[in-house]
Every structure is written in C-alpha cells, then in structure tokens.
Amino acid sequence: MATMPASASDLLKSFKLKTKQQELLIRVSILCLVYILAFITRLFSVLRYESMIHEFDPYFNYRTTLYLTENGFYDFWNWFDYESWYPLGRIVGGTLYPGLMVTAVLIYRILRFLRFAVHIREVCVLTAPFFASNTTLVAYFFGKEIWDSGAGLVAAILIAICPGYISRSVAGSYDNEGVAIFALLFTFYVFVKAVNTGSLAWSLASAFGYFYMVSAWGGYVFIINLIPLYVLVLLITGRYSMRLYVAYNCMYILGMLLAMQIRFVGFQHVQSGEHMAVMGVFFLMQVFYFLDWVKHMLSDTKLFQAFLRITVTCAVAVGGIALGLGMVSGYISPWTGRFYSLLDPTYAKDHIPIIASVSEHQPTAWSSFMFDFHILLFLFPAGLYFCFKRLSDATIFIVMYGLTSMYFAGVMVRLILVATPAVCLISAIAVSATVKNLTVLLRSKNKVVQTGSTKGSGGSKSSSKALLDQSQPFQKNGAIALLFGAFYLLSRYATHCTWVTSEAYSSPSIVLAARGAHGNRVIFDDYREAYFWLRQNTPQDAKVMSWWDYGYQITAMGNRTVIVDNNTWNNTHIATVGRAMSSYEDEAIEIIRSLDVDYVLVVFGGVTGYSSDDINKFLWMVRIGGGVFPVIKEPDYLVNGEYRVDKGAAPKMLNCLMYKLCYYRFGEMLTEYGKPPGYDRARGVEIGNKDVKLEHLEEAFTTSNWIVRIYRVKPPNNRWWLNRYKFG
Amino acid sequence: MGRTSSTKEDAGALFHSLRSAYAATLVNLKIIDLYVGFAIFTALIQVVYMAMVGSFPFNSFLSGVLSCVGTAVLAVCLRIQVNKENKEFKIIDLYVGFAIFTALIQVVYMAMVGSFPFNSFLSGVLSCVGTAVLAVCLRIQVNKENKEFKDLPPERAFADFVLCNLVLHLVIMNFLG
C-alpha cells in the first residue's frame, strides 16, 4: 500500500516538466488551437451553401488564376484580354496585382505534386482562410517583439476572430485583401525586427515582405508612406541610431527595386507624388549620417549645434525646392483621385462619381466600428496608454500604425480592414498588461502572508501587518473580480464575433437566401442560372452589355465578351453604357448598334424584393453618363428631387431603356397577395407604366425569380431599300 | 543679428578646425591628394568642352575622361596603401566613393542622350547606389567603435552584405531589359 502512491507520485514526477517547458507546451498548444480556429470560423458559407467564389471581384481573380494554371506564367504576364471592354480590350498582364494568383497556383502545384487531386477552385476558395491563419502566427511574433509573449498570444487570439478582418477573408472571398493583410503585417513585423536588431538579413526580409505586398494589393502605398513617417518621428524625437540607418536604407533600396518589377506599379516609385515621402526620408537619413560623422570628428558641441542648424535647414530647403520643381514641371505626378479622396473625403463626390458610387468607399458610421471591433474599441485607448508608458522604437511604431490606420478607417469603410491588425495588437497589450498586473497582485498577497507568519516579531510590526492584511483581502477580492470581468468581456467578444461572422459576413452575394412563408429557407440561384444560359445558348462571339458590376461574373461564368466590367479603368466607356441605359429606346439602339452588342443584361428585384438591382442603381448610371455626355440630365428623372417609379414618376424615367427592360411584361404579374398586378416589391409601389413595348430588342431569357433578365438585340428592319431610295 | 554673426563665427571656427585637422596629415599624402584633385579637374574640363562642341568622336572623349578618372582612382588606392591608419575602412570608403561616382557618370550620360529605356537607366543607377548603401551598412556593422553592434561578429555582417548584394544584382539583371 505504501509503495503504490509512492510509485504513482514518482511516475507523475517523472512526467512533470520544468516550468519553462510547461510554458512552451502551453504556448504552442494555444497557437495551434488559434490557427485551427482562425481557419474554421471562416467556413460558414462553404458549409451552408457550397464551395464557390463570392461577390464580383473574386471572379476576375479566379478567371486569371485559371488562365495562369492552363497557360503558364509567361503567357499570363503578357496576356491581352480581348473578351472584356469590347472593343478596346484590356492589357491584363500590366494592370493587375499578380501576388494572389501566383500564390494560389503555387499552393495548387504543391498539392498536386503531393498527389492530392484538388481543383483550382477549391484552392482559390480556401486561400483566404489559410492566410488568415498565417496572419495569427505573425501577430503572435509581432506582439512578442513589441511587448512580450503574453501579449503576442492575446493578439493572435483577437485577430483570429475579429470581424473587421473576417469580412474580407471568408472562404470564397478570393480577393487581394485576403493575402495582402498577411503581407502587410509580415512586412511591418520584419521591419520592426530589423530596426530593433540592425541586421541586414532582417532588412532584406522586410524588402521581400514589401515586394510581396506590392505584388498583392494597391494598398502598399500605406506601407510606403507609414514607414518614412515612422522614421521621421524617430529622427525628430532623437532616436536616430545606426540600426535605424542600416534597416531603413537596405529596405528602401532593395524594396524599391523589387517593387518596380511589377508592371502595374512600374516607375511610380520615382515619378509619383504618393511615393516621394520615402525618397525624401532616404536623403534625410544620409544627412543625419553625415551629421553624425561630423559630430564624431568635432569635439566642440557649440560649433556642432550651429552646424546642425545650418545643415538641416539647407537640406530641407534643397529637398523642398527639388520636390517643387518636380511637381511644377509635371515630372512628379500629383496624388491620384483614389488616394486624394482619403485626405479630402469630399473630393470624390464632386469630381469622380465612379469612386463615390461604390458603397465601400463611404465614410464609416459608429455602428460599423462597434460591429467590427466590439470591445477592442475601448481597449484600444487603454493599449495606447500602456504603449506610451513604455516607449521604445517598436511601441512608437505600433502607436503610429494604430493612429494613422484609425484615421483612414474613419474616412472609408473598406479601410477598417487595414486598421484591424493594429487595433488587435494594441488591445492585446492592454489585456495582457492588465491581466499580468492583476495576477501579480494575487500572487504577492500570499508571499506577504507567509513572511508575516514566519517572522511574527514585535507589536508595531504586527499591527502594521494587520493593517496590511486588512487591505490585502480587498485587493485580492478586487483583483479576482476584475479578472472575472475581463474573462466575461472576452467571452462576450468571442460570442459577438461568431454571431457577426455567421449573420453578416458569410453570404456569397451571388446566391441569395430568404425565408419562405412557412419559415423554410428559399435559395435564389438566379445569377448563375442566367450566366450558364448565356454560356450554353448564345454564339461564342456574342457581346453582352450590362452595368459594370456584373462584368467580371459574365466573363468568368458566362464566358462571353462584355462591354464594361468592374475594372472601371475607362470612364468614358462606362458613361456610354450609362447613356444607353438612360436614353429612350430609339437613341439607345444607336449606341447599342455602334458597340456591336448582341445581348443586354439587367438585374431586377421587383418580384423577390431584392434591393441591389439595377433600378436602385439607376441614378448612378445617370450621374456617370451625365458626367461625360451633358445631354443626360439628372433632374429629368426626378420628380421634386425624388426618385419614383410609380404613376407620379418623370416621363423620361417611365420610358427610358432601363425601365422598359426591367418592367417588360411585369405589369401583368401578381407579386404579392392583396396587391395589384405590377406591384414592385423592392420599391414598395405599383409601377407607373405597365404597358411596355419593345421595338428593337426582344426578350431572350428571364430567370425563374425574374432577378436577371436578358434581351437580344434584333437585327435592323428590312426596309432598308426604302431608306436608300429616299436618301439616294 | 547677433545670432547670424555668431553662426558665421561658428562656421568660420568649423572651417578652421577641419582645416587644422587636415593640416596634420603627412606631406606625401597631401601631394597625392593634389594629384587626385588635378586629375578630376582635367576630367571636368573635358566634359565641359564636350558640352560646348558636341561629343562626335565619342571614343576619344570617353578615353580622355576615363584616363583622368582612372588615374585619380589609382592615386587614391596608392594613398590608402601608403597611409598608416585603418586600412580596411579606407578600402570600404573607396568602394563607396567609386560606386557613387559611377552612378553620377550614368546620370550625366542620361542627361546627354535621354532616358529612353528608363528601366535600364534606373537599374544601372540603383545598382550603384544600392551597392554603395550596402557597403556603408557593412562599414557601420564592422566598426568596433559602434556600441550597438558589439555582439555582431564581422563574418556574419559580411555574409549579410554578400547576400543582400546577391539579391540586389539578381533584381537588377531582371530589370535591365
């Protein structure tokens, strides 16, 4: 009997690990669990619907990835696409960011090499969750670099489920941001590591990270402006050091050279106004190096101060003059509209309606912040406080990243994504530091009690210890209560994030779901039905005209040439389509014939109540068309400034091509019980013009729920010989 | 008012101190420096002449300029070998100077004939600037006076330098066109 427990405890003791090993085991297991969690929380739409690509932009990425797998890299890099933007075509090789496609094809090749027979579509669908898992690992290392490993773990957990990041990286969202956020965080981590160690190898890694970011997303401009801003802040606060010099110079030269290998970026690093900051700071660093050398040679500090003043003012003046000359002579191009509208949010509304029309480019509401960040929103200022308490090169960086990205997140909804890693890291610092302080309180109380009991000396000491003992329980209880509170908040955060992911961010947009009358789930697959009809029932060289939103999907799934698509690089071409949609049928048919169009596609939500259809987008077509062709005037389509489609609507609205195509044969349709025929469920009114007759187009196909309607352009009438006789 | 005059005095004092530091060098080194200065000056005169009359027998122009430049470079090498102080730093300094100088030559050439294959021009200039920058970083990391790099062995610094140069030149070769 006595030997059994002895051997059992000996057994346990033999398994017992040292504290360091225990800690390592806990850390590794937490990271593994977080890795898996980040992957599986993004799989809602794959489980509910099927493994397919969502939205609009990912279809273009998927089509290019298919092309890359079939034709190889050289053909992909030099690809001229004649199936979009008819008749202009598009130089795809020079106008896309290849990082995402190359990454997906690389993963596909590796899996194929290991004899897993996957289809490229599955790889594309699951690329974003895979890279989200990798981002959590990078966040752990970054948190460890800035603060300590505890903060790193919390950062990994927070970023794994944060809705701001999930929104653009669910399974099926095969878009640039899925890979780009990983590249962004990786570049920042490696650069901060390079500044901390001053090693050339880490600077080289940061140059490669920057290259990957440039190849993946146009948001690399944020990196190339944040890093010089950070270096400038370090220089101003007197933190110039040799490590900073080595890290920044190596990263600048190698990063700039690597970035210029991407054809879409080209020579922008030496010619565009958005990239001049990094060059200016490069020259400023040389000036600082020179000043350091002079300081080293001179032994007199007064002389050096004067020299410093003269040199810095001269250097800044020379730089300013050079920049001014460059901009005035036009060699350095000014900030483009997309990035200028970040500094001046009202710019796009007045000058570039295409940028203003995208819903993701609108300023952010408070509810969006709360929805996407939850408790991180008030942990962020707490984390800033902790960062300011322990200032170092790394914490200065994360503070700057957090503040600049929060400003941009406030200007444009889409940029909440860029702010998410910074918010997660800073909040992690707050959580980790608070929890550490609280647990230290818990532990120290036991030590004091022990020393009190072992010593047990004179009266005064015992009375003071008694006082101490009296306040200690309050502290200990307070600490326990606060710890429970923190645990409760974090669990609410996890619940909120999962709910948001399930409800809001997992819809594929191309397949719609609704609740039927009996509570059953009804699926509308009209988009794919229409595109496959196009693919199977139209001639190979047919050209389809639709609004630019659907261009990518039509070329990817319908495999037909389109007139305009989501790339929106040619405003006049889009305005031509907008003009055609908003004119009377006789004028529109001229434009349609001049563009060689065979089929016209519109999206209509009146039968199902789907509100993102072309009638709701129609005013943007008018605005964009009117921006180039003054014959289209927006007030013609409004009644007292109000947009209506019922009996009181403007006559031009009731007879324009878009109205006719959407409401053709709709006047006889009964959509809802108790309402008259022709009741538009999306607008909630009975339509004004029920008797729609089409002269030059005929209906080719309408999907089962009337969401997508396709019309064929009829050949010109047979009475040409009469016209010829009349006009000689 | 008093401040500007004091900066002038300070600038003057600065010049004096630098000048006196230079005056402490040996006589033979000063002779070599004069020779280098003369050679560079002759090269500049030839460039100005070419700018005035045109560069028709281009090989003649090039040989003239490069002979001056070459002899300047060789004289600097001699100066290094004759000088008793830190040899290895002077070698790195010479390399940096040579690289920057090559970059300047390419810029001047571009100003003369135009920048048509812009990628070739950029890759040429940036390879020179890049290798100069990397050599300066190497110099910083190898210098024993820098306390921040105390525990970085010089072999590791040199290996990093070689790796970065390798990447730099691979990218340049891709970009050259």
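Any Cβ shown, glycine's included, is placed from N, Cα and C.
Residues A:123-143 are the range that TrEMBL records as transmembrane segment, among A:123-143, A:480-500. Shown for the domain 'STT3/PglB/AglB core' (A:543-600): DSSP residue counts in helix, strand and coil, namely 33 helix, 8 strand, 17 coil. A:179-204 is the stretch from A:24-44, A:179-204, A:245-264 with the greatest number of Cβ pairs below 8 Å to the transmembrane segment (A:210-233). The highest tally of CB pairs under 8 A with the transmembrane segment (A:91-111), across A:24-44, A:179-204, A:245-264, A:369-387, is held by A:245-264. Within its own chain, the transmembrane segment (A:149-167) is flanked in space by residues 27, 30-31, 34, 37-38, 41-42, 132-133, 135-137, 139-143, 181, 371-374, 376, 416-417, 419-421, 423-425, 427-429, 431-433, 435-436, 493-494, 496-498, 500-501, 504-505, which lie at least six positions past its ends and keep a Cβ under 8 Å from the stretch. Sequence-distant contacts of the transmembrane segment (A:179-204) (same chain, six or more residues past either end, CB-CB distance under 8 Å): 99-100, 103, 127-128, 131-132, 134-135, 138-139, 141-142, 145-146, 165, 168-169, 210, 212-213, 216-217, 219, 222-223, 227, 241-244, 246-251, 254, 393-394, 397, 401, 417-418, 420-421.
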